[in-house]
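Scroll down for the structure; my scribbles are underneath it.
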């Protein structure tokens, strides 16, 4: 089951990205990108459910991954249709080779993020729930609610046509509360998986680290910060908001960011 589940997950991951890329190139659209990312998480979770004998922990793990993917996927699909597009892909969706890089990175993101999940789902040691599992589930719930509420608040702000930048709700305490929530989600998932891991499987700790680095230093916050600086960097109100509001972690203003101040927009 060990190699079988990992192989099945890889085939699902690659297959969905290739089909999504080909369809998106043919139609010169980006509207399937986020949908395919979430669909990959969903398909791998369902395949894991069907892969063998399941314990209660296996079922719970699949349930929380499905819950997260369904919520985020539906939100991103609705948003891209409401807003009419995603500026990330304006320069590449007509260039198949360059566009393929984005799909390749999405496939890598899904697989690395799910490493602890795949190890735990392959383990017969995934039995009852202990203290670590409870902490993990609590963190997942906290992160899921934070990400969901922050996404909804920003979407409503934009749809109300208020213009400018959002600084209310959770956005009063962090410039990127949705990303903070997502990082907590995957730390929580990892902790639920942790008691089932042994030996080299502990290398799956790369998952929450990978998610955090990707968000903080690569494709999340840096893009959003750059975009925000271009739009509102001339406004005193934005400069004050930027100076007094933590970049990511609520209550932590001084810690100068991993992403530079001149950097911002992928998903915000």
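Glycine residues also receive a Cβ, built from the backbone N, Cα and C atoms like all the rest.
These figures come from a predicted structure and were not determined experimentally.
Under the heading transmembrane segment, TrEMBL lists 6-25 (among others). Here the transmembrane segment (6-25) has Cβ contacts under 8 Å with residues 31-33, 35-36, 39-40, 43-44, 47-48, 51, 93, 96, 99-100, 103-104, 106-107, 110-111, 114, 118, 122 of the same chain, all six or more residues outside its ends.
Outside the transmembrane segment (32-52), and at least 6 residues removed from its termini, the chain residues within Cβ reach (under 8 Å) are 1, 4-5, 8-9, 12-13, 16-17, 19-20, 23-24, 58-59, 62, 65-66, 68-70, 72-74, 76-77, 80, 86, 89, 102-103, 106-107, 109-110, 114, 117-118, 121. Per TrEMBL, transmembrane segment is recorded for 32-52 (among others).
For 58-78 (among others), the entry in TrEMBL reads transmembrane segment.
Residues or ranges marked as transmembrane segment in TrEMBL: 99-119 (among others). Remote same-chain residues near the transmembrane segment (99-119) are listed as 5-6, 9-10, 13-14, 16-18, 20-21, 24-25, 33, 36-37, 40-41, 44-45, 48, 61, 65, 88-89, 92-93, 186, 189-190, 193-194, 196-197, 201, 203-207, 210-211, 214, 219 (criterion: CB distance under 8 Å, separation of at least six residues from the stretch ends).
Under the heading transmembrane segment, TrEMBL lists 125-146 (among others).
Residues annotated as transmembrane segment in TrEMBL: 179-197 (among others). Within the chain carrying the transmembrane segment (179-197), a Cβ under 8 angstroms from the stretch's Cβ atoms is held by residues 57, 60-61, 64-65, 68, 113, 116-117, 119-120, 123, 125-126, 130, 132-133, 135-148, 150, 204-205, 207-208, 211-212, 215-216, 220-221, 248-250, 267, all 6 or more beyond its ends.
Annotation comment: TrEMBL describes 203-224 (among others) as transmembrane segment.
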